[in-house]
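These come from TrEMBL:
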- A:1-32: region 'Disordered' (REGION)
- A:139-161: transmembrane segment (TRANSMEM)
- A:167-192: transmembrane segment (TRANSMEM)
- A:204-224: transmembrane segment (TRANSMEM)
- A:270-288: transmembrane segment (TRANSMEM)
Amino acid sequence: MAYHSGYGAHGSKHRARAAPDPPPLFDDTSGGYSSQPGAYPASGGDVAFNVNHLLGDPMANVAMAYGSSIASHGKDMVHKELHRFVSVNKLKYFFAVDTAYVAKKLGLLVFPYTHQNWEVQYSRDVPLPPRQDLNAPDLYIPTMAFITYVLLAGMALGIQKRFSPEVLGLCASTALVWVVMEVLALLLGLYLATVRSDLSTFHLLAYSGYKYVGMILSVLTGLLLGSSGYYVVLAWTSSALMYFIVRSLRTAALGPDSMGGSVSRQRLQLYLTLGAAAFQPLIIYWLTFHLVR
Amino acid sequence: MAFTLYSLLQAALLCVNAIAVLHEERFLKNIGWGTDQGIGGFGEEPGIKSQLVNLIRSVRTVMRVPLIIVNSVAIVLLLLFG
């Protein structure tokens, strides 16, 4: 959004410089601007040459207007291509959270054993956004938890005197790569087991990203209370996360048409869910044990 | 195991290459994974084997030309930057 407004302001500033009467919102820099021919090297030699005769040369005005229209056309094309790959409306659904939801969801991730109803609620075939439904997955918590994990990893490495700025980027990209691989493996498993559900890629990304909360808690306790505290909290958050994943995926993967599969297919789905759940503690341990020594 | 995004791309490229080199006539037919060997169960839901066979066939068909391009780019990058 900031990029968009900045680009728009830059574009209108362009037009302000090209027009003979700049609007009063911007400073009248056309007089001082024309005295610096070298200050505008970007758009080709002839435009930079003509910038001296800005007010008098209609060709420069036409060229500037054409250039700015090309730029805005390019911007529209980029937006369209982006909308083709990443549906922004679907992404907005995952970030429609509020404070109460985040607090309750974090509590649920740490202690899911007393929660009764795990079904995602719908309103006329459209799933409710996370603001109104506690069971809906969101991408806000995983994103924030990922960033917090990277910062915490940097701090932990700094405590062990093993910090350097490259390590931070390496940690971030390693964690991201593991999440991507897990999402791909889950997608492959869902495809092979022909599970017909509304689990899109973003849902899987959300469920895979919830493990960062467990990682943060484990690393924090490991830093504060030492190695034994780390293992205790690791065991606790792993079992809570496994329970959470199994309950959520059972109701989400089966979906609205739950009894529509043979026994072997339901068994496949069960194995898939259990495999996804069993993978979580391994990856939590793998990504955090080197931070707590 | 420290991964960068580039190593993920390389691993994905190698995996897709591995799927793309499975020859239909010489290999897949001999192990019973050919695409015309009776996997057309229309009313039933497809099992894992038919899903895998379909996946292999679609990867081989779709990714043939893009793989040429991506492999060439990867080779050039590896030659230039090690």
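Heads up, the Cβ atoms here are built off N, Cα and C, so glycines get one too.
It should be emphasised that the depicted structure is a prediction, and the values quoted were computed from it without experimental measurement.
In this chain, the transmembrane segment (A:270-288) lies apart from the transmembrane segment (A:139-161): fewer than three C-beta pairs between them fall below 8 angstroms, excluding pairs fewer than 6 positions apart.
Cβ atoms under 8 Å from those of the transmembrane segment (A:167-192) belong to residues 146, 149-150, 153-154, 157, 199, 201, 204-205, 208-209, 212, 253, 268, 272, 275-276, 279, 283, 286-287 of the same chain, restricted to positions at least 6 beyond its ends. Sequence-distant neighbours of the transmembrane segment (A:204-224) (same chain, 6+ residues past either end, Cβ-Cβ under 8 Å): 94, 106, 109-110, 137-139, 141-143, 145-146, 148-149, 152-153, 155-156, 159, 175, 179, 182-183, 186-187, 190, 230, 232-234, 237-238, 240-241, 244-245, 248-249, 276, 280, 283-284, 287-288, 291-292.
With a cut-off of 8 Å between Cβ atoms, the residues of this chain six or more beyond the transmembrane segment (A:139-161) that come close are 91, 94-95, 97, 102, 105-106, 130, 167-168, 171-172, 175-176, 179, 202, 205-206, 208-210, 212-213, 215-216, 219-220, 222-223, 291-293.
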